Every structure is written in C-alpha cells, then in structure tokens.
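Notes to accompany the following structure.
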Amino acid sequence: MTVTMQYEKDVTVAALDGKRIAVIGYGSQGHAHAQNLRDTGHDVIIGVRAGKSFDKAKEDGFETFEVAEAAKQADVIMILAPDEIQADLYNEEIAPNLEAGNALGFAHGFNVHFEFIKVPADVDVFMCAPKGPGHLVRRTFEEGFGVPALYAVYQDATGNAKHIAMDWAKGVGSARVGLLETTFKEETEEDLFGEQAVLCGGLTALMQAGFEVLTEAGYAPELAYFEVLHEMKLIVDLVYEGGFKKMRQSISNTAEFGDYVSGPRVITDQVKENMKAVLADIQSGKFANDFVNDYKAGRPRMEAYRKEAENLEIEKVGAELRKAMPFVGRNDDDAFKIYN
C-alpha cells in the first residue's frame with residue numbers, strides 16, 4: 001500500500017482553535033510539542049508530576065499542573081510520558097477526568113494498540129508521531145521547517161479526530177515538510193520492528209559481532225572499533241542523504257564490490273527468517289507483554305541487559321578513544337540532555 005505525502009495546504013480545518021491543550025509529560029517530545037504549539041498560537045498547559053520536569057515547564061513559562069488537574073482543564077490531552085508508565089498514568093489520573101467530546105492523543109500507538117489503555121467510546125483518540133527526537137522537532141521548528149510526522153485516528157467519536165490530528169501536526173511544524181497517514185497498528189508494529197531488528201537491536205548486534213570477529217582473530221581492539229563502529233556514522237549519513245546509491249557512489253570501488261559480494265553472506269535468508277520471528281512476537285503482543293511485565297516487576301531483565309552491555313569491551317575501548325576525539329558528540333544535543 002502506498003500513501004500520499006500531505007502538507008500545510010492539506011490541513012483545512014483549524015480544529016485546535018479555541019481548545020485548551022494539555023501536554024502530559026515534559027521530556028524530550030513533551031517540551032517540543034508544547035513549545036511549538038504555543039508558538040503557533042495555541043492555548044497549552046502542562047501536566048506532569050512534581051519534580052525536575054515540573055520545575056522546568058514552569059521555568060519555560062507554562063501553566064503547570066499535576067496530571068489530573070491538567071486533564072480536567074483540557075479539551076485535548078496529549079500523553080507524551082514513557083510507554084511503560086502511560087497506562088497507570090491514564091487509569092489513575094486522566095481517565096477519571098475525561099469528558100465526552102474530549103480528544104486523547106499519543107505520539108506512539110503502543111498502549112492503545114496493545115490495549116493497555118482503553119478509552120471510552122465518546123472520546124476521540126488520535127496520533128501525531130514526528131519522526132525525530134524532541135530536540136530536533138523543536139530546533140527545526142525554530143529554523144522555519146520541521147520534522148516529518150505520521151498521523152492516525154484510532155477512534156473518531158466527534159467526527160473531528162482526523163482534523164485534530166492534522167492540525168496538531170501543523171502546530172508542531174511537521175506539516176511544513178510532510179505528513180503521512182497511517183493506523184495505530186501499522187505505526188506501532190513497524191516502529192517496534194525497526195527499532196528491534198534494524199536500528200537498535202540489529203545494528204548494535206552487527207557492530208558487536210564484527211568487533212568480536214576482528215579481536216578474536218588477533219586484530220587490535222582500537223582499530224576494530226574504528227572499522228566497525230566509528231565509521232558507521234559516515235556511511236549512515238550518506239544513506240540518509242541519498243539512499244544506497246549515494247553511499248555507493250561515495251565509497252571506493254573496492255568497498256562497493258565488497259558490499260555486493262559479502263553483504264548477502266552476512267545477512268542471509270536465515271537472518272531474514274529471524275527478523276520475521278521478531279515481527280511475529282511484536283504482532284502477537286508477546287514483546288509488549290514481556291516489556292510491561294518486566295517494568296511491573298522492577299525491571300530485572302532490563303537492568304541485567306544494561307549491566308551486561310556496559311561491560312562489553314567495545315564500549316570500554318570506545319570510551320577511551322572518544323576522549324582523544326573532542327569533536328565527537330560536540331553538537332546541539334543539550335536540549336536532549338536537559339529534558340531526559
């Protein structure tokens with residue numbers, strides 16, 4: 001199925017005008033959505049539990065309330081808290097304060113699609129999911145453009161849910177550069193698969209395996225780090241800018257020939273079958289239940305995984321090498337660090 005890119009000209013209804021908007025959470029995405037919407041003239045308040053984020057929201061000039069009070073005051077509520085706490089937050093503080101005709105928004109379909117959150121039939125449920133971290137959503141907005149976004153409607157109680165989703169996307173700047181309509185199911189399952197099989201899980205496992213092959217063969221860990229991890233950004237940037245074609249035009253003929261010859265030897269049909277198994281676990285809800293159950297148990301699996309990852313040789317070698325490269329990491333990520 002193909003989808004058509006939409007832009008500001010396609011947002012024909014100012015569905016958020018006259019609405020009081022509550023952004024729940026003031027982290028990476030929360031601060032960006034709230035500030036961008038305020039800058040486009042909308043009435044935005046923040047709902048967040050007492051702590052650093054509460055103080056930061058007030059410092060940034062927002063009316064800031066506990067979550068329940070913000071939900072009570074709002075017509076449109078966007079939940080931008082971490083996935084694992086959303087269900088409790090919704091059930092305890094938001095659901096009791098919902099009214100018929102309200103709209104409830106998300107930037108990721110996880111809790112709605114897997115039914116950890118169940119919304120009354122008289123409330124709109126929509127999604128606006130910018131395809132970038134919050135600091136980028138904010139920075140690009142300030143520069144006059146934005147980050148592309150997905151939008152979706154799960155429940156249209158008022159007949160206005162799609163207009164709300166699109167106007168939200170316009171308000172955060174995404175309609176300046178492009179919107180794609182999707183569903184909660186599609187966004188959730190594709191997003192999780194991308195993270196697990198390719199972007200995060202697949203990529204880190206590939207780099208770790210390459211590092212181990214080289215060091216186990218007697219090559220210096222420092223050189224192995226450069227070859228399988230440090231240079232990854234250079235290649236990914238080329239692909240990001242112009243696809244596989246630009247990357248292959250930019251590398252040596254030797255590298256390009258090796259790409260064609262050896263890539264399929266590494267990513268075999270069996271690897272593809274393994275990816276299908278990952279997708280099946282996502283589609284069935286197994287991954288979602290494992291993740292939520294681990295959180296409810298105090299995160300024993302997550303903490304064990306983190307501890308194991310911290311002790312990998314590739315991490316230790318990389319930490320030492322980066323000390324000699326002050327230019328690495330010297331960028332505009334301050335906002336990301338502040339809000340997380």
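Yeah, the Cβs are placed from backbone N, Cα and C, and that goes for glycine too.
As written in Swiss-Prot, here are the features:
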DOMAIN    1-182  domain 'KARI N-terminal Rossmann'
BINDING   Tyr26, Gly27, Ser28, Gln29, Arg49, Ser53, Asp83, Glu84, Ile85, Gln86, Gly134  NADP(+) binding site
ACT_SITE  His108  active site
DOMAIN    183-328  domain 'KARI C-terminal knotted'
BINDING   Asp191, Glu195  Mg(2+) 1 binding site
BINDING   Asp191, Glu227, Glu231  Mg(2+) 2 binding site
BINDING   Ser252  substrate binding site
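Listed in sequence order, His108, Gly109, Ala129 are the same-chain residues at least 6 apart in sequence whose CB falls under 8 Å from the CB of Asp191 (Mg(2+) 1 binding site). Glu231 (Mg(2+) 2 binding site) is 14 Å away from the residue listed as 'substrate binding site' when you measure Cα to Cα. Using Cα positions, the member of the binding-site residues Tyr26, Arg49, Asp83, Ile85, Gly134 nearest to Glu231 (Mg(2+) 2 binding site) is identified as Gly134.
You'll find the Cα of Asp83 (NADP(+) binding site) roughly 14 Å from the Cα of Glu195 (Mg(2+) 1 binding site). In this structure, the CA atom of Ser28 (NADP(+) binding site) is 18 Å away from the CA atom of Glu195 (Mg(2+) 1 binding site).
Counting every protein chain shown, the Cβ of Glu231 (Mg(2+) 2 binding site) has 11 other Cβ atoms within 10 Å.
Cβ environment of Glu195 (Mg(2+) 1 binding site): Gly201 lie under 8 Å away, each six or more residues apart in the same chain. Break the domain 'KARI C-terminal knotted' (183-328) down by DSSP state and the numbers are 124 helix, 0 strand, 22 coil.
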